Amino acid sequence: RRTLLLKGLPAKSTVEENAAAGVSVYTFNVTVSPMSSEGVAILPTIVNSNPLTEAFDIQRKGDLEFSVVTTGNPVLDYETMPKSFDLQIFVEDTMGRTDLNILTVQITDKNEHPVFRGNMAIQTVTIYVLEGTSMERIYQVDAADPENAELKYTLLPESVPFLVLESGAIFSTKVFDYEKHPHCYFLNITVTDPDGLNSTKTVNINIINVNDERPYFTTQQRIYRIPEEQRPGTAVANITAKDPDDEDSPSRLFYSIQSSDRYFSINPSTGMLQVTGRIDRDAQSLRLHPNISVILRVEDCCGHASEMEITIIIEDINDNPPECNPSTFRKEANENMTAGTFLLDLRNYCKDIDVDPSNNQFSFTGLSGFGSNNFALESTVSGRLVMTESIDLENPANLGVEVYSLTVRVQDIACPNYTSKYPFYTSFDIIYIYIRIKPVNEFFPVFSDLSYEFNVPEIAKVGSSIGRVNARDKDWPPSVITYSIVAGGGTRDYTNIFWISPTKGDVKILARLDYETTQKHILTIQASDQEKTATASVTVNVLEVNDEEPVCSPNFYSFQIPVSLAVGTNINGFRIECQDRDSDPRSFRYFINEGNVNNHFIFSPSAGSNTSRLILASRFDYESGLDTNWIYRLRVYITDDNLLSARDKTTHLINTGTVTLSIRVIPNPTTVIATTPGFTVVTKRENLYSESAWYVPFVITLGSLLLLGLLGYLGLLLATWVRTCCPPAGKAVGTPLIHFTFCLCSQTMTKLNTVFDGEARDPVTGKMYEFNTRSGARRWKKNDEPLQPVPAMQVTSSATGDSGQGSGRAEAPSKKEPSEKKKEPTAETKPGAKPSAGQSEAPGQDGLRLQKQKEEPEDRGLSSSDPQGRY
């Protein structure tokens, strides 16, 4: 059905590379049948191209006129893309006629601008050139022409000291000096192809400064004058310098003193010359040569340096005041010493070192200080210090002063006085005199109270403070009081249960107090000032606190109950009795805290008594699945808070005792459970190691080693004897001479002969059965057998060798096969075995069997109703 619908196709057309999107490549028309009233059903579409491309599309120009245009994605490139594309154009009119023709599009080459490559293609390149660098290549320009034509490089402006070669290499044409030449150049690099198309990029060239110049001093002054005895840190001169390399920024110079000088230092950053040590014009070194020469050095960071010498002249001042050695005196005087007593002659310790005799005369003046009215100088020239009145330390007028601090001024007599001109130096010296008045112990210590009483709860922590005593005496200064317990504070178990701080008087307890043992302690406390003593009585009242927990008997119990036990029954007649040393029996409260699944058990009474019975509160229901546990481990709590109100329970101390019960529920005899009338009791013993018995493992280990050595020695002797007695000729090859087998086995079996002392009727079969009221064991009753009385339990044990005797004994599992379960043969499976006494055959079963292999390990020893767990 194909017809010629595409008018002008097939055809060939051309288009330039890099054509923008929407450029028309070829125009054609679509011819439709006159009978087609609606025109074209499927517009002309490029259904395929060879090679594949999305660079072309068809746009509608009129009703039946269409044009092939470029899409711009991808951009046509003559150098990298195919040179020709065959486009298959398909069209269909409304009558169902179709046409498919090919338009061949050829790509024509177009001259393009050269392009830069590398860093210059994406950014402006900056080049850094060190000053002093020789003329050389500094950069390589990389450019290319899409048509692979030869390119030409040019550089503008032409006045710059750079040139570009035909290869694109940029060279410098001179050696740069940062201090003389410009610091930055901008180069316009132009690359041109043979047809005159070009591209231009800018290159920035920065000249980097190199430290190659020596700094120089700018300070012109060379002689300076300063007075002696200047403070350390006093500025002498501000030395300045400059570095030609740091023209555009502050100079980074380092100053130093080259000559060995102990008087001056220079700030390495600022160049400030200042005084470092004391400058004494009268010292031996400066007495003849008061001029000091200093050599200064300035240096930059690269080692370029310059030096300069300056002279500092030291000017003399009257700077030597009288000096006293020592300048501090310490004397002692007894309390109540008489007036006029001589204490100290100051002139023997003072002198003036000035060279001029007119400046080395001095006087003693200005006696001052706290308590100076009690002392005086005989004259300003002599310097003799005497007491003017007696001193009593306890006298309120003396304010209890023990040490008097006095000062005396020793001053030059000669003038002038330079203190006003140079305030940081004085023409006098100060003498410090400390006179200690030795006190006399005149008074006894006195307690603040004649007796003390402390109330302490019996639960007070050991080491806690229970009170404080305090004592003082009237001596001044106050004597150091030490405290000690000289009587009381002991019990039957402890010699001293109290301790007192020797310095603070705090009384502390060293052992736990017990109201039930001792309610009151009387102590005798002694206070001493090392010479005199005093005592006081201290009464310690021990306050009763509920610190004892209820103790119940028995605290552990294990028994069995039948599953059909009636509600309200006192289980096995069990009851607990509790005691509390510090609580009323009515204060006990009983509740089961753990293990009471479905709340089958309660205690009655639950509070207000020191005895309580275990009651079955609800029936067991195993048939419906409500109950699944056959063993109940009850943890019973007994608290002593029954008499307390709800508010008091939050504030009072409450103690709790515990009792652990293990209850095994015995199922009905109609329940098919593989059990035996008897059961095996396995006694589990556990050794607990105590840290205090460290020698036990040592002795056992040593004994084991000795035993092993003895056995080895005996084996060696036996082998030697056998070898001597038995000739080796008749020995078969590969057969051992002697084969020893050692088998050590030990078993303990305990059998309980079950006695049935009750009977009941089975609700299912209607038959009578007998049961044991203690263990819950059952059997069918024989019609001619009377009810047995309750005898004492029989316990039998057998060794390994007797394990096969008697059909009624249970067998313990072998130690070599702990994972196997041993089953006892029944009357049906073990012919010839006679049932033991007290057993009978029930219809459909051999009797009740208790498999100890299925029991929990911790349940194996709890089958007796004995409160101590014994059989």
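Cβ coordinates come from backbone N, Cα and C, glycine included.
In TrEMBL, annotation is done automatically, which means it is predicted and not curated.
As annotated by TrEMBL, domain 'Cadherin' applies to 7-116, 132-217, 218-324, 325-447, 448-556, 553-679. Here TrEMBL flags 694-722 as transmembrane segment. Positions annotated as region 'Disordered' by TrEMBL: 777-871. Summarising the annotation, TrEMBL assigns compositional bias 'Basic and acidic residues' to 812-827, 852-861. Annotation source TrEMBL lists compositional bias 'Polar residues' at 862-871.
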Tally of residues which DSSP labels helix, strand or coil - the domain 'Cadherin' (7-116): 0 helix, 59 strand, 51 coil
Averaged pLDDT score, the domain 'Cadherin' (325-447): 81
The domain 'Cadherin' (325-447) - residue tally per DSSP class, helix then strand then coil: 12 helix, 51 strand, 60 coil
Number of helical, extended and coil residues in the domain 'Cadherin' (218-324), per DSSP: 7 helix, 44 strand, 56 coil
